Amino acid sequence: MKKLDLYIIRKFLGTFFFSMVLILSIVVVFDLSERLEKFIENEAPVKAIIFDYYLNFVPYFANVFSSLFTFISVIFFTSKMAYNSEIIAILSTGISFRRMVRPYMISAGVIACLSLLLSAFIIPNANKKRIEFSEQYIWKKYSNKEENIHRQIAPGVFIYMSSFNVYSSRGNDFTYEVFREDTLVSKLTAKSISWNKELEKWRINNWTLREFDGIKETYTTGQTIDTLLNFSAAEFSEDPKKIKERLTLPELDEYIARQKLRGSSNVVEFQIEKYKMFSGAFATFILTLIGVCIASRKIRGGMGFHLGLGLLISFSYILFMQFSTVFATNGGMSPLLAVWIPNMLFAVVALFVYRAAPK
């Protein structure tokens, strides 16, 4: 690795981490000023605010906007190099623009790998503490307003409840059906079902069990029975929007498979979350290439023009990402395609500006 590579990598990563620390410091100050009243009102301990909330909030926020930080960093230090005629000096020695871009891509690779590692394995565990703190001291407790709940909890096994109260962990008008090769073999109906925390079992009240064997039917009734079922009360008491933030990549795969089996309607949201881990990391390379191609030209507007253009492109990327995910969630578009459309569009932009870059 030549001195030029080390010089650019050091500038790239140094600017990236410095800008991240600077912006995150400002974000934390604004967030604290906004939430301070809630912290005081709910008597949140200072230790919990620092170690449970902000210590886990900072990496979460940094990773969400890592592509933006990368792009702004590239624009900033490259335009400064161009203004000081360093780019012209590098190219005039016979080094090609393609060769000059190499250390940029190496740096982008470091950031992309770090981002993927954080989003897939580390941040979900940190989010558990952050969300737990938020639920206790910031947000109102989640209330499940879902009615007429119908789910598949195992192959050929279906449950139904007219409603579920998250505070008492109690479901009304419960039905449990078992099918074998599309034939109903048993059906249990009950007035209510509730979670027994001491026994860690479901308590079924005023139940009736009908079992079918060909034309033969067995009819059984009872007042109360405690049993294990393949679902938990937590599945009805957690906000689905927050569940996906707590799951590592392996847990996300497992959750998606389980929700598909159960016929859940929110599988797409979790698929989008999974694909975003990879597309976000890949976006680092695309935005880096666009940034270096734009900022390497020495122009009259200088750094201010480059930064303004960089911010415009960054927010355009974020806007495209939001539009495409909305189409996937509500419009029936493939989640994989929706997440990767912004990358494909901006990859075309990257190739265009690369061809137009100074050689």
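Here the Cβ of each residue, glycine as well, is placed from N, Cα and C on the backbone.
Straight from TrEMBL, the features:
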- 12-30: transmembrane segment (TRANSMEM)
- 60-83: transmembrane segment (TRANSMEM)
- 104-123: transmembrane segment (TRANSMEM)
- 277-295: transmembrane segment (TRANSMEM)
- 307-328: transmembrane segment (TRANSMEM)
- 334-354: transmembrane segment (TRANSMEM)
* Who are the chain neighbours of the transmembrane segment (334-354) in space, where the CB to CB distance is under 8 Å and they lie at least 6 residues beyond its ends? -> 268, 271-272, 275-276, 279, 282-283, 286-287, 289-290, 293-294, 313, 317, 320-321, 324-325, 327-328
* With Cβ distances under 8 Å as the criterion, find the stretch in 12-30, 104-123, 277-295, 307-328 that has the most pairs with the transmembrane segment (60-83). => 277-295
* Cβ under 8 Å to the transmembrane segment (12-30), counting only same-chain residues 6 or more beyond its ends: which ones? -> 54, 57-58, 61-62, 66, 69-70, 72-74, 76-77, 103-104, 107, 110-111
